[in-house]
Amino acid sequence: MNVLEICRQKLQEGGLRLTRQREQILAVMCEHQGEHLTREGISNLVQQEYPSVGKATVYRTITVFEKLGIVSRNNLDERVRYELADPAQAHEHHHMICLACGKIAEMRGDFLETQEQILLRDYGFHVVNHQLKFYGYCRDCAKEQEL
Ligand SMILES: [Zn+2]
Ligand SMILES: [Zn+2]
Ligand SMILES: [Zn+2]
């Protein structure tokens, strides 16, 4: 299943339709997969390709997508950012944030399955998601700082 089909299915489950505008916004987000965009950023990109889609529609749609788990919201820096949720992964991927240049990189894989089992075993806590941020220096900045 591609992202569009998954999105259509999730909207349907939420009792909503994949309208033309929702599809256009989704298409733009697919083109920028792996990026972490602000609402303004998404709106600007959408308007470049589809000038008829207004900012308010984009913002509303992002909220709908977020509720349905199509996009995830991250507080990676001082801005609220959105990205397409990875349908192949049950939980969110992790992020590496460079303290020097501000670059946000992604780390694939969960790596927390053991911790999730411990939380369940010792605390009776069922983990459904998590957000993990690593702060440090990217390869280029580490070299510059001779780390
Ligand atoms: Zn996990
Ligand atoms: Zn850096
Ligand atoms: Zn990410």
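Placement of Cβ uses the backbone N, Cα and C atoms for every residue, glycine included.
Over in TrEMBL, the protein carries these features:
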type	residues	note
BINDING	CYS98, CYS101, CYS138, CYS141	Zn(2+) binding site
BINDING	GLU113, HIS130	Fe cation binding site
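A map of TrEMBL features onto the structure.
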residue : record                 : Cβ contacts under 8 Å, 6 or more apart
CYS98   : Zn(2+) binding site    : ILE104, ALA105, GLY136, TYR137, CYS138, CYS141
CYS101  : Zn(2+) binding site    : CYS138, ASP140, CYS141
GLU113  : Fe cation binding site : none
HIS130  : Fe cation binding site : HIS91, GLU92, LEU112
Sorting the binding-site residues CYS98, CYS101, GLU113, CYS138, CYS141 by sequence and keeping only those with a Cβ under 6 Å from ligand 2 gives CYS98, CYS101, CYS138, CYS141
CYS138 (Zn(2+) binding site): tally of other CB atoms within 10 A of its CB | 18
Other C-beta atoms that fall within 10 angstroms of the C-beta of CYS141 (Zn(2+) binding site) | 16
